[in-house]
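Participant: Okay, so TrEMBL annotates it like this:
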{"type": "TRANSMEM", "residues": "45-63", "note": "transmembrane segment"}
{"type": "TRANSMEM", "residues": "83-105", "note": "transmembrane segment"}
{"type": "TRANSMEM", "residues": "112-134", "note": "transmembrane segment"}
{"type": "TRANSMEM", "residues": "140-163", "note": "transmembrane segment"}
{"type": "TRANSMEM", "residues": "175-195", "note": "transmembrane segment"}
{"type": "TRANSMEM", "residues": "207-229", "note": "transmembrane segment"}
{"type": "TRANSMEM", "residues": "241-260", "note": "transmembrane segment"}
{"type": "TRANSMEM", "residues": "306-326", "note": "transmembrane segment"}
{"type": "COMPBIAS", "residues": "336-348", "note": "compositional bias 'Basic and acidic residues'"}
{"type": "REGION", "residues": "336-362", "note": "region 'Disordered'"}
Amino acid sequence: MQTNFLSQQFNAGSSAENSTACPANATICDGTSCVLPEDNFNQTLSVVLSTVLTIMLALVMFSMGCNVELKNFLGHIKRPWGIFVGFLCQFGIMPLTAFLLSLAFNILPIQAVVVLIMGCCPGGTASNVIAYWVDGDMDLSISMTTCSTLLAMGMMPLCLFIYTKMWTDSDAIVLPYDSIGLSLVALVIPVSFGIFVNHKWPSKAKIILKVGSIVGAVLIVLIAVVGGILYKGSWIISPKLWIIGTIFPAAGYSLGFFLARVAGLPWHRCRTVSLETGMQNTQLCSTIVQLSFSPEQLEKMFTFPLIYSIFQLLFALLILGGYRLYRRHHVKTKTDVEQTGQKEDSKSSAKMNGGFVSDEMK
């Protein structure tokens, strides 16, 4: 009865008046009293950016796979000293660093939790693109990203249980295993196709690699800029989170490089481990945060993953620029002396840490 009465009132009114009084997206309209749908701009933008980023990185990882030799890749799996060092950095250094930063800056418990979630996330696939540009070990880079994403299904709950007990109940944090699985699929399948193309058509693989590396670098920067400008998040957050968001990735890069060097890895693998340590899967962190906390809590910490993402990219570009300047002034051309030195470095490292020596280094 009430519905019919409202319907009659609505039909009796002037259509022009209703169109003026009520917005076009109103779900219920009774004169000047309207019910509007909830503004889901943030959620929609997050879905769009995540979808675009997933597709983009899948294509980029296909091109990165075109630079991977199956023999070398399997060598890392069989003698996983480099992967083990990366594992210690990813799930040892990063969570501990997050814990110490949270204590040092005495931030709110809910903010400490999001910093710890970031520290416990696996490595991001963007690190593979940067590793290519700094002449890193692509076989090690991709194997580290794959293994850290796979191991995250067990290591993330363990690390969060250990480090978040003093701030919150670890059961309150929802881990999106479907998102972790999707990240793994989006990594493994394109890389596998890339390795196959490199095995069958090496000349075409080189062309794909060059195009993909350039496109990947441009799109990663573009997505970060678009997300930073358009995302209607709560940017007015504690200055302490801004400081942590600046220090954290820098600490990850530095400590990862230091531990890799102490472990006896050659320079190009130290650069690789450094990038894999500092560059986290920030999209996964954002997903966990959205699933685990209320809107009131999100206002205090939701944008931290985006802050970390911006600074991890900024420091990665600084590392890339510094390396390129070093090469320009100290390694103008790849002389026989340089190549011989690199072979000896890699061979001695292989003897020290159980690594392998590829055909190019023999």
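In case you wondered, yes, glycine gets a Cβ from its N, Cα and C as well.
What TrEMBL says about a protein is an automatic prediction, not a curated fact.
Looking at the shown structure, can you explain where the listed features end up?
Facilitator: Remote same-chain partners of the transmembrane segment (112-134), defined as residues 6 or more beyond its termini with a Cβ less than 8 Å from a stretch Cβ, comprise 57, 60-61, 64, 67, 86, 90-91, 94-99, 101-102, 141-142, 144-145, 148-149, 151-152, 155-156, 159-160, 163-164, 167-168, 173, 180, 183, 186-187, 209, 213, 216-217, 220, 241, 244, 248, 271-272, 275-285, 288-289, 301-302, 304-305, 308, 312-313, 316, 319-320, 323-324.
A Cβ distance under 8 Å defines the sequence-distant neighbours of the transmembrane segment (140-163), meaning residues of its chain 6+ beyond its ends; these are 61, 64-65, 68, 73, 76-77, 80, 82-83, 86-87, 90-91, 95-96, 98-99, 116-117, 119-125, 127-128, 131-132, 170, 173, 175, 177, 180-181, 183-184, 187-188, 191, 269, 272-273, 275-276, 281.
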Participant: Should anything in the same chain at least six residues away from the transmembrane segment (175-195) have a Cβ under 8 Å from its Cβ atoms, list it; otherwise answer none.
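Facilitator: Distant contacts of the transmembrane segment (175-195): 54, 57-59, 61-68, 70, 73, 122, 125, 142, 145-146, 149-150, 152-153, 156-157, 160, 205, 208, 281, 283-284, 287-288, 291.
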